[in-house]
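Colleague: Questions regarding the structure given below will be posed in turn.
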Amino acid sequence: MKQSVQRYSVKIPKHDVIDKKVYYTISVYNLEGGQPKEMKKRYSELESMHQKILEWIQIFKIKIPLIHFPKKKFLFHTNLSEESIIKRRGELQQYLNEILACPELHCLGVVEEMLPKDPKIGGHKQNDQPIDRRWQEIQQLKESYLAKHGDSIFSLPQKKIELQNKQQYIFKFEDHIIFDDSALYTVQVTDTITNKSWKFTQRFQDLRDYHRQLKSIHLDFPLPNFPEKKLVNISDATDLRERKSQLQDYLNRIFGYQTIVESDIMVFFIAKSQLDGNEIGCRSKGTSQTTLENSSIKSKSQTTIEQYDDDHKQPRKITC
């Protein structure tokens with residue numbers, strides 16, 4: 001169902017150079033009226049925003065026109081030339097206008113904070129309690145997903161009262177293969193309540209996406225750190241063995257927190273891992289039953305890989 005689209009316009013009329021750093025003055029206008037919102041941003045801040053937008057698009061499989069962020073200049077610093085700065089202003093202005101032309105992106109935090117107040121809404125009421133549409137969507141996806149695949153799922157997170165201080169899920173990283181220059185890990189999961197076990201495959205990038213989602217929810221404790229991304233020489237088994245140990249430790253640590261286990265994100269993760277994999281001792285159900293046809297949060301192991309620089313193939317390295 002399409003809703004009325006609220007249109008915005010972006011202008012970058014000027015810039016300031018402070019301590020050899022360029023700060024762009026960005027004005028965002030609501031075309032329905034009202035005062036524009038003005039802010040100062042550096043190129044690096046907008047680049048970081050772009051990365052978050054890409055994550056949003058990938059996680060929810062949003063179908064919008066491809067949007068390119070202005071490339072960084074490696075050989076010559078933009079801030080050394082007034083002409084280059086003005087050209088970069090135009091590129092960033094065009095980029096931001098393309099972003100705000102997509103209403104699907106307006107509820108992403110880094111985009112929403114750029115938007116001016118809606119003249120139809122009292123200024124003091126807007127953004128007092130921003131609606132967390134993302135987690136509402138995850139809840140809806142989880143319910144829809146479980147309704148469709150419930151009969152195929154034999155393990156779901158239990159409430160704490162039923163666990164009696166027992167960690168429900170234990171993870172063990174086993175083999176790995178190199179596929180499309182990326183490490184694909186085989187993970188065994190054991191449900192200590194039902195005594196069921198199954199295996200599924202996962203990439204570093206898949207798990208990092210779940211970690212990023214967990215960082216966006218409120219927790220009463222520090223979220224364990226996710227292993228840092230790094231280049232690994234695929235001819236060195238020690239590197240991958242260390243990485244598997246780090247990821248295994250990470251999953252077992254976060255699943256020691258019942259709040260995380262019961263979160264919509266991890267309920268989805270556990271359910272999907274069973275459909276993507278195989279119950280130990282059972283025959284494969286075939287690929288037709290291991291895909292998420294109706295979900296917009298697909299594992300990136302089905303769609304994307306961790307990229308590495310083609311210019312550094314000797315010695316051959318991968319990210320994992």
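A Cβ is built for glycine as well, from the same backbone N, Cα and C atoms used for every other residue.
According to TrEMBL, the feature compositional bias 'Polar residues' maps to 286-306. Annotation comment: TrEMBL describes 1-122, 163-277 as domain 'PX'. Here TrEMBL flags 286-320 as region 'Disordered'.
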Colleague: Across the domain 'PX' (1-122), what are the DSSP residue counts per state (helix, strand, coil)?
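Modeller: So the counts come to 47 helix, 26 strand, 49 coil.
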Colleague: Over the domain 'PX' (1-122), what does the predicted model average in pLDDT?
Modeller: 83
